[in-house]
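S.K.: Sharing the record's features from TrEMBL:
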- B:21-45: transmembrane segment (TRANSMEM)
- B:21-248: domain 'MacB-like periplasmic core' (DOMAIN)
- B:286-311: transmembrane segment (TRANSMEM)
- B:290-403: domain 'ABC3 transporter permease C-terminal' (DOMAIN)
- B:335-362: transmembrane segment (TRANSMEM)
- B:374-393: transmembrane segment (TRANSMEM)
Amino acid sequence: MALIEARDLSRVYSLDAGRVVALDGVSLDIDQGDFVAVMGPSGSGKSTFMNLIGCLDRPTDGQYRLAGTAVESLDADGLARLRNREIGFVFQQFNLLPRVDALANVELPMIYAGFDRRTRREHALQALGRVGLAERAHHRPMQISGGQQQRVAIARALVNSPSLLLADEPTGALDSRTANEIMALFQELNREGVTIVLVTHDAEVGRHAQRLVRFRDGRVTEDRRQTPVDARDLASEAAE
Amino acid sequence: MRLIEAIRSALSAIMANALRSLLTMLGIVIGVAAVIAMVAIGSGARNLVDSQIRSLGANLAIVTPGNVTQGGARLGAGAASSLTDEDAQAIRREIDGVVAAAPFVQGGAQVVAGGSNWGTRIYGIDLDWFSAREWDVATGRTFDPEEVRRGDIVILLGQTVARNLFGEDDPIDQIVRVRNVPFRVIGVMASKGQSAFGQDQDDVVFVPLDAGRRRVIGRNYAKDRSVGSIFVKFANESDIEPGIESMTELLRQRHRIIGEQEDDFSIRNLTEIANTATASANTLSMLLAAVAAVSLLVGGIGIMNIMLVSVTERTREIGLRLAVGARPRDILRQFLIEATTLSTIGGALGIGLGMGVAYLVAQLAGWPSLVSTNAIFMAVGFSALVGIFFGFYPAQRAAKLDPIEALRRE
């Protein structure tokens, strides 16, 4: 059974200027352990697709099952619960809370999952260790570099052990060397079994994924397996 | 999210904008301080009024002569000289709950001692006076029963009179003359201070009833047993109303007033006067508190304003929280707790300030300051309510945000 089963997903926005069909009957399955890059120009529907599979939005039409749960039938609380347990988000702008340290940022999803303080601390430190930032646990976002901030954000996405890591232009705000490091981290996590869906318009970034899905005008125009470029090689090249 | 953590996170958000938070709190601080201070000052004033009125003596009624009609002209209350000390004895004997019935006559008199003299009020009293008015001597002694019975020419001085005639000297056993009658001073009364109406209650002298009636108060009484008025003291406040009814009955009988005929006396419940005065002081302090509550309201609006700003500023944070699994009600709660924390801290600071102000005013005005625990609880509760009430709208706005829109916002 696929982790993500999308059937004829449509999303139509009703604006003053009329109806805008952002997503037009997309069907897509993504298996557990896959690393998918979703690509396409802006307005192609890839962000809408990501919002839908991220349970931030509900389809106008069609069915979507995430880890066996029918999403379109859930209410706002049910969606929140699913986002909390099954999905880890990584954003282009990191979206860390500036007032608190890295550890507290990573703990955030666990707070809403209802874990006690000690468990949270433990898991958050583990997650930070996974992204190689255990020693930065008590630094605030302002005190660390952009790449490190994105690592903290990835740790936050991982902390509740979700079945899906959803990254929206995760390297868009980083220089190419740091971007390669982050991509290397994604590949490593994928090798460890984390399912990753990465939205990007950067072909260079898309090359690191195992599967490439291309969107245009709200439809899937291309869906193929590819040999991923190992970003760790790029990262070490860049370091030389 | 647990409550303590929610409060901790609210505190960190408040501290992140310390100056802004402080300025916002100021509205609540001032509001609560005003409520606390006004209530304290109000109840201080009420207690002052209360104690002045009660200094007359507790559970008192006064019987005064009624009016007389001469040739169609009604001469007004007190014109008749219908009361006698026998009436007083009858009241004492026959009315339930009566502790003392003190008949007295009064007049103005010039009191002369050696080279100095002093104009004052002179009262002819019997022994019941002291218990009725709850008033004793400070030095010397009161009248003995024989002195009262015989109408001896002995005198008790009020503090003011003693000071004006004798200064620092001991007046006991000195002779003072009133209307050329030489009275021997046997005691000086304890100080009673001001009455509720601003009179100096210590500017007074007392002589036995008969000495007063016969020798100094030049009123032409129709009967030589007549007295000016009678203070009646009851054991309990609840005895007063039924007591007044049966006294009216008794006095009508004794004065042979029948049927439709008008009473030749009137009886007033002095406790009622005290209660009225207390009630008006209460109204005053309620009014003060209401005015203060308005400023609390203004403080609440300030909180709403700043919470709206805060929600707008932290739209992305809200979006992120929603994305990582916060339910709308978690967001609602977070902002509600933040507003409530803000207003409650303001309330706590306000209590401190209010108590300070109340203390200062009490010191300056010489009033007893009364910061009641009730007022404190009310102020804290009210400021928390203000936080919840005025925090609700901004919090709801935050909770209704669409996570996608919120995350996209710059």
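Here the Cβ of each residue, glycine as well, is placed from N, Cα and C on the backbone.
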S.K.: Out of B:21-45, B:335-362, B:374-393, what stretch is closest in contact terms to the transmembrane segment (B:286-311), meaning most Cβ pairs under 8 angstroms?
M.R.: B:21-45
S.K.: Report, as numbers and ranges, which residues of the same chain sit near the transmembrane segment (B:374-393): CB under 8 Å and 6 or more residues beyond its ends.
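M.R.: Distant Cβ neighbours of the transmembrane segment (B:374-393) are 28, 31-32, 35-36, 39-40, 293, 296-297, 299-301, 303-304, 307-308, 335-336, 338-344, 346-348, 350-351, 354.
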S.K.: With helix taken as DSSP H, G or I, strand as E or B and everything else coil, how many residues of the domain 'ABC3 transporter permease C-terminal' (B:290-403) land in each class?
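M.R.: The domain 'ABC3 transporter permease C-terminal' (B:290-403) comes out at 99 helix, 0 strand, 15 coil.
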S.K.: Given the model, what does the mean pLDDT over the domain 'ABC3 transporter permease C-terminal' (B:290-403) come out as?
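M.R.: When the pLDDT values over the domain 'ABC3 transporter permease C-terminal' (B:290-403) are averaged, the result is 88.
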